[in-house]
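Going by TrEMBL, these are the annotated features:
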- 12-33: transmembrane segment (TRANSMEM)
- 15-465: domain 'Major facilitator superfamily (MFS) profile' (DOMAIN)
- 62-82: transmembrane segment (TRANSMEM)
- 94-112: transmembrane segment (TRANSMEM)
- 118-138: transmembrane segment (TRANSMEM)
- 150-177: transmembrane segment (TRANSMEM)
- 189-208: transmembrane segment (TRANSMEM)
- 277-295: transmembrane segment (TRANSMEM)
- 315-335: transmembrane segment (TRANSMEM)
- 342-366: transmembrane segment (TRANSMEM)
- 372-392: transmembrane segment (TRANSMEM)
- 413-434: transmembrane segment (TRANSMEM)
- 440-461: transmembrane segment (TRANSMEM)
- 505-536: region 'Disordered' (REGION)
- 522-536: compositional bias 'Basic and acidic residues' (COMPBIAS)
Amino acid sequence: MLTNKHIVNTYNFLVVTFVALGTLSTAYGLAIIGSTVGQPNFYTYFDLATADQPGYAHTTNIIGTLNGVNSAGAIIGCLFSAWAADAIGRKRTMLVGCAILTIGGALCAGSISIGMFIGARLVAGIGAGILAVCVPMYQGEVSTAETRGAMMCVTGVMYAFGYTAAGWMGFACYFFPADSPNATFAWRFPLALQCVPPLVVLAGSKFIPFSPRWLLGKDRREEAYEIVKRLHASPLDPQHIAARQEFYLMEKQFEMDKQYQPRFLEIFRTKANRRRSLVACLLMWGDQFLGIYVMTNYGVLIYASLGLTGFKPLLLNACWTTFTIVGNVWTFFFVDRYGRRTFLLIGACGCTTALIFLCALTASFLGGTNGAGLNAAVFFIWFYILWWCFFVDATQYVYVSEIWPNHLRSQGTALGIAVFYLASEVTLVGAPVALNDIGWKFYLVLICPSVCYIVAMWLLFPETKGRTLEEIGSLFGDEHVASHWYGISEEEKEEIARNALKLTKSGRIPEEPHLRPPINDIEAKDNGEKVEDVGQ
């Protein structure tokens, strides 16, 4: 019999890591604008006033617009994914996102006017939105229940690498000679690097298998079964019993889901789906109002407002992004052990606490000469970002995708990510103007909703760790859940194993449920039966 110990398949891990290169580029594109606004030549080339010059209010509007149109593009990308991920598949939709992101990154790097730059950010945002929806969704669908959290957290790890690359690239390019005929290299080259990861994904697209759950939805069972076997093969499981068990549970749910054809706006039609929609929207809106994009995109400006000058804001920005890798790796190893809800609650409480201290310190010492007070404010910015990366960054993408049933996952995930970017329209567009005009009071705009968000999370968010994607529906009140794995007895698991062993090569569930072949050779010998190679 197969043991409960699960060894991660190397091929499975390589697949989820490879597709996450697209989200690396998404994160890099989001973060590089924070370094771009720290490059002196950027202001000179586009004739924008710096913080110590008249007309800086216009500059803050332009910076807010650059981030706002990127988020608007991401919302468009999310809406496209809601249709495309089901119609043409998760894999093909990811490739479309990579192509669009490559075009957008190239246009950003080659911009000759601020209008062109704004348009290019819109295009890049569309690609980023597509990948933000499809990559974690795909990762969850090719993973097992025991490793799904870790596999989906690879997205968060790649986000961290994207932040880090953007931070250090911006810092390095700061020292490019300002009087050089090619001074625009300092901000054009970092923007151009955004194109590299999606090009790698496009070049290696043949390596990426289709999502087995999408294939099942298209009635391509044999292909789906072969992919599941390859993704979850293990030397300890030569008969692919684990793959058969998972595929058996998947098929049972898909056979039941066929009786419930999705209707227009199905994600809002039933009580269970309305609860999912509420949870997804609260999660992503609440996480955005914790203020992470304000810190990542405007950290350089915030450091400058605290009295840091020259290359120091860029250096601090690069340093904290490096530590985000550690935080996301932590999530990778422990989110399946301690749970999504636990991580989100701890993360939201810590980030809100850091914002409260930052608000108080900024109100007390901003514009003054108290070095200790200003340094304390910098410390809490660092604490905030590290806490976010340890508990929230990767976990949010795991949770918003896995709470949806297979036939609604693309629409539901797109809804959550779209709300995340919609909320960023408020925080990113308003932040540079608000920080310039009302200073520390802007943090209150983040703190008050965050407190409400924590209460809502405690009351409404169920824990999903350890459950198969198909059985999570029971947590939200779904009546048509075909099978369960989490918390069942060993006898029930053995029964599932018997049924799973009856799968034919085509992956069809047998019509004779009373025929239960033995799980292993020993049981067959005890029953006096002829042992056949069920692994073929």
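Keep in mind that glycine also has a Cβ here, set from the backbone N, Cα and C atoms.
Counting same-chain residues at least six beyond the ends of the transmembrane segment (94-112), those with a Cβ under 8 angstroms from any Cβ of the stretch are 19, 22, 25-26, 29, 73, 77, 81, 84, 88, 119-131, 134-135, 138, 188-189, 191-195, 198-199, 201-202, 205, 208. Here the transmembrane segment (342-366) lies next to the transmembrane segment (440-461) in space: the count of CB pairs under 8 Å, restricted to residues six or more apart, reaches at least 3. As a quick check, the transmembrane segment (413-434) and the transmembrane segment (62-82) clear the bar of 3 or more Cβ pairs under 8 A, pairs 6 or more apart, so the two touch. Contact check: the transmembrane segment (189-208) against the transmembrane segment (150-177) gives at least three Cβ pairs closer than 8 Å, residues 6 or more apart, which meets the contact criterion. Ranked by the number of CB pairs under 8 Å to the transmembrane segment (315-335), the listed stretches 12-33, 62-82, 150-177, 372-392, 440-461 are led by 150-177. Between the transmembrane segment (150-177) and the stretches 12-33, 62-82, 372-392, 440-461, the greatest number of Cβ pairs separated by less than 8 Å involves 12-33.
On the 0 to 100 pLDDT scale, the domain 'Major facilitator superfamily (MFS) profile' (15-465) averages 89 in this prediction.
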